[in-house]
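Written below as structure tokens is the structure these notes are about.
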Amino acid sequence: MAPARTRVNSLNVAVIGAGAAGLVAARELRRENHTVVVFERDSKVGGLWVYTPNSEPDPLSLDPNRTIVHSSVYDSLRTNLPRECMGYRDFPFVPRPEDDESRDSRRYPSHREVLAYLEDFAREFKLVEMVRFKTEVVLVEPEDKKWRVQSKNSDGISKDEIFDAVVVCNGHYTEPRVAHVPGIDSWPGKQIHSHNYRVPDQFKDQVVVVIGNFASGADISRDITGVAKEVHIASRSNPSKTYSKLPGSNNLWLHSMIESVHEDGTIVFQNGKVVQADTIVHCTGYKYHFPFLNTNGYITVEDNCVGPLYEHVFPPALAPGLSFIGLPWMTLQFFMFELQSKWVAAALSGRVTLPSEEKMMEDVTAYYAKREAFGQPKRYTHRLGGGQVDYLNWIAEQIGAPPGEQWRYQEINGGYYRLATQSDTFRDKWDDDHLIVEAYEDFLRQKLISSLPSQLLES
């Protein structure tokens, strides 16, 4: 579906969050001539990518009254995907400037480089002027076909405002999910969620069990092998007989999921192996969490399914006045944020027409039924994975944008394959240099960069 008509509306829009999703949402909304206020509880842009050495006093982050630390970034974190495919389409994630030694020019750079990229993006498009820093949104609710937004700044001063629309970009890496294992409530050792992991020092000479073997699980388990006595990874995606020593370390083992844990400190795996452990690290993901949102029960979060949402973005009965950017995972995040933001901005201006509420609900119901028929758990509702190409290209079609570049999709597929097959070396060894060249030639052709990087010219 191509854009339906020329722009007709200029609205007052609240954006919640100034991370990677909120920044590009603000830019696209302003491009559609909307007036934008971005609410950000931190003192700077970047959201998830703003590192702090601080962690929460409750290591599992289960206490609802705890002091919340919003970052989940650990000190050694590097990106899981190549930088070429990570960035926004018209602001590529290339080293800026090339000769600045304070920047990380690696293909899989550190979290500090990602934050610097987002700061560059905000500076380039003059987005900071739209942001209210140190301001937390405490309530969002519909009011007379508009939206009431109540916020509170760091001085404790509250403010009530009315907006035509609200775009939720608050991220989903703050409210941890923990593993449910028989006996774990009475297990005597220490437990911590990856949300509160920063550096490995606390695990010196310990036997550590890490639950989860994707992204943070793979990273953290290898990060602590340098100080821990033993590290054992448990994963429910592994067959029940799984037991192997992983390459690249002499004290790292991969297991099937935990069968049970016991008051004497032992942990029994489904493969029959028994370990006497000191600490369990839960690398088990996060919950979608919108404590400020009151829709009178229309929007619910059940087993990590946020709904009902049309194409993961619009609640049919409240669209386009309420929208969500960035819920899907296992995808090209920044690129998806950009496409979703363009769609939301165009729908609010009237340049793109959404289907009727009834048709959107039909599509939501059909999507849920399809996933259930394939036996996919509800908690995977927003997991794109192999469906991301169709999803991203579909949104691009709605706004009249070209589909995603083939090199971009090939890079993410290759990146996930290397992550799964060479978790100890995937960030520093690859076999797709031709895709790097293709990406940079594309940037050059679009005049997004002025020249090819020196390392490409030398190759």
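Using the three backbone atoms N, Cα and C, a Cβ is placed for every residue, glycine included.
DSSP assigns Gly17 (FAD binding site) to coil, not to a helix or a strand. Summarising the environment of Gly17 (FAD binding site), the number of other Cβ atoms within 10 Å of its Cβ, over all protein chains shown, is 28. Taken from Swiss-Prot, the feature FAD binding site applies to Gly17, Ala18, Gly19, Ala20, Ala21, Gly22.
Residues or ranges marked as NADP(+) binding site by Swiss-Prot on the basis of sequence analysis: Gly212, Asn213, Phe214, Ala215, Ser216, Gly217. The secondary structure of Asn213 (NADP(+) binding site), as reduced to three states from DSSP, is coil rather than helix or strand.
Sitting within 8 Å of the Cβ centre of Gly212, Asn213, Phe214, Ala215, Ser216, Gly217, and not among those site residues for NADP(+), are the Cβ atoms of Ser194, Val210, Ala218, Asp219, Ile220, Ser235, Cys283. The 10 Å shell around the Cβ of Gly19 (FAD binding site) contains 26 further Cβ atoms across the protein chains shown. Those same-chain residues not listed among Gly17, Ala18, Gly19, Ala20, Ala21, Gly22 yet with C-beta within 8 angstroms of the centroid of the FAD site C-beta atoms are Val15, Leu23, Val24, Ala25, Glu40, Val45, Gly47, Cys169, Asn170, Gly171, Ile325, Gly326, Phe337. All protein chains shown were included, and the count of other CB atoms within 10 Å of the CB of Ser216 (NADP(+) binding site) stands at 26. With every protein chain in view, the residue among the binding-site residues Gly22, Gly212, Gly217 whose Cβ has the most Cβ partners within 10 Å turns out to be Gly22.
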